[in-house]
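Record features, source Swiss-Prot:
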- Asp182: active site, proton acceptor (ACT_SITE)
- 433-445: compositional bias 'Pro residues' (COMPBIAS)
- 454-463: compositional bias 'Pro residues' (COMPBIAS)
- 578-594: compositional bias 'Pro residues' (COMPBIAS)
- 601-614: compositional bias 'Pro residues' (COMPBIAS)
- 653-664: compositional bias 'Pro residues' (COMPBIAS)
- Ala2: N-acetylalanine (MOD_RES)
- Ser685: phosphoserine (MOD_RES)
- 1-27: region 'Disordered' (REGION)
- 2-77: region 'Required for cytoplasmic targeting' (REGION)
- 78-139: region 'Required for binding to MAP2K5' (REGION)
- 140-406: region 'Necessary for oligomerization' (REGION)
- 402-708: region 'Disordered' (REGION)
- 407-781: region 'May not be required for kinase activity' (REGION)
- 505-539: motif 'Nuclear localization signal' (MOTIF)
Amino acid sequence: MAEPLKEDDGEDGSGEPPGPVKAEPAGTAASVAAKNLALLKARSFDVTFDVGDEYEIIETIGNGAYGVVSSARRRLTGQQVAIKKIPNAFDVVTNAKRTLRELKILKHFKHDNIIAIKDILRPTVPYGEFKSVYVVLDLMESDLHQIIHSSQPLTLEHVRYFLYQLLRGLKYMHSAQVIHRDLKPSNLLVNENCELKIGDFGMARGLCTSPAEHQYFMTEYVATRWYRAPELMLSLHEYTQAIDLWSVGCIFGEMLARRQLFPGKNYVHQLQLIMTVLGTPSPAVIQAVGAERVRAYIQSLPPRQPVPWETVYPGADRQALSLLGRMLRFEPSARVSAAAALRHPFLAKYHDPDDEPDCAPPFDFAFDREALTRERIKEAIVAEIEDFHARREGIRQQIRFQPSLQPVASEPGCPDVEMPSPWAPSGDCAMESPPPAPLPCPGPAPDTIDLTLQPPPPASEPAPPKKEGAISDNTKAALKAALLKSLRSRLRDGPSAPLEAPEPRKPVTAQERQREREEKRRRRQERAKEREKRRQERERKERGAGVSGGPSADPLAGLVLSDNDRSLLERWTRMAQPPAPAPATARPPSPPAGPATQPTGPLPQPACPPPAPAAGPAAPQTTAASGLLAPQPLVPPPGLPGPSALSVLPYFPSGPPPPDPGGAPQPSTSESPDVTLVTQQLSKSQVEDPLPPVFSGTPKGSGAGYGVGFDLEEFLNQSFDMGVADGPQDGQADSASLSASLLADWLEGHGMNPADIESLQREIQMDSPMLLADLPDLQEP
């Protein structure tokens, strides 16, 4: 056991402990600390999982003061998940209430960027023996803290995409009136596809609606100091969703520089770092400070001017710094909201108002304000587990079995109406309406049709001849039978819904939208993989072309073009090709448009005799539609020299050639140097995947994002002689010393007296939770 350290500077930098400490011999304190550390380590490293036959445990992801997280595989489907075990979940009231709060919140939320509960294992033991809670969550390989402080490339596109997902999930959370209060990189889970999910809702609280709730809001507030908003440190009593936006700004700045923005060693140092960048708070903020001594301390400091963000992050994107400056402000009301941040130009590439939902209804924190005993909390957790399974079984029943629908009462069939043929004689059409009154007319018109009923003709008279095209009786009978059969078939096959009242369209459920988003994400992943494959293939071809052809290799080798781009490239290549060499007998090509003056003098003679006139080539053809000159390729006889020996030039004795009225481009006499540039521009017409490149390998996460608390294994393995004055080390932990109240609550059920806890607290360098107003002395270190 290492020799006990001397007391560090503490939160106030005065070297005095936060409160009265009982003086004990060094040997006694060391033995007590050793015993407590052994107990703490044994309890936290309990990794025995009893998950039955449904899941197969793969490996442990992380462990902490609240539980252990392991990756697992569901045997039925092969899906990989994360299982969080909370051992002895009901021993300490604070921890039990934290578990209940997190279960309720995660059951209420359904969002892509918030960790989701996939299952809660039912207890397999009697109620009296039920002690451990198993929660099945989404499996994420790493967290943002591991990504930032690793050798993994982190481009501006990665930063943009991570920030967008964080704000998208935060907008959904804030719409439910929930404040996370503990946002930090290790609580943001990330996978190899750059997907981000917010985790660890054990510290979440609702909005404060009255001054009486301020104390409730600060209960158990032991969040990481480096990401804590100024209103919490200065007791401004303005606890809104802007608290989370300050944390997001600190995370944003950490991603840009890959180092913490405000890594304070204690409360005073933290406040000094903030004022070094943001300057002295405004008089309104200073007057709102709740403690008189804190207000006097800030006023005694020399005034500071804010430092431009371009100086803090030289070379960073201007739009990124603009958004960062709107997040990190002393006044909570002056900070940008999550919804407004999503509309910032820096995130315009991903912003889609239709795909950034809100949460309805708001989450109810009424249960959290009640004074609950351990037994009542245990009953509430068991009720939450049963409610989760009841809802899931109800959804499955709705999917498997449709509700039985009562058939519609059969109505009497429509009477059969025999429609007369339009070509049938008027005597066959029986009119039931009264005959119209005859109109007075001077004489009978020869073409008038008498619609009045006429007496049937005598039997002796022959029947009028049947006109061509009339509907026969057999056809009428067949149509009547077909209509009757169709009506009976409809009544027999479709009794589930009334014909006159069609079933209303069902609203789109959250699960359907989730499936749509998963399908979109899958397509994006496929496009990203295809793009990566094309890039590797292009690099391979370029390397092969460079080896075989040297500097003269084709610069377009491996470039993938669409059909339209390839067609445009071929046209451009034809335009850029030099004209084919012509023999001496060939006349020079005329301009593409406009009459050219014929030369009056003799043409210059070539250096070789002309070929036979029988094989003379035809004149070049001009396409009228395009106005482009397309000379036919001419093959010189074998006896002629190459094209370099011929020099046939057009001759215009009256001056320069007339301009082309159509403005058509002239064919070039040499290879155009812009073909490569044009080709690359044409290739950009293809739709690009906006997502950043996937990670080739993600570092293993610590499991902190699953809400297991601080990592005891990493914490206890550190050397005890590493004082706080040495400063935090990047990449080792993303939090300063945590609160001793966590340890006190955790060991509450073991009968440890305050002296033992205080001794262990000093041994492992854990500070007591306090506000800046409680510090006995405020002096700059």
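Numbering starts at 1 and runs along the chain as it is shown here.
Each residue, glycine too, has its Cβ placed from N, Cα and C.
Every protein chain considered, the tally of other Cβ atoms within 10 Å of the Cβ of the residue listed as 'active site, proton acceptor' stands at 24. Note: the motif 'Nuclear localization signal' (505-539) comprises 30 helix, 0 strand, 5 coil (DSSP; helix = H, G, I, strand = E, B). In the region 'Required for binding to MAP2K5' (78-139), helix, strand and coil residues by DSSP number 19 helix, 17 strand, 26 coil.
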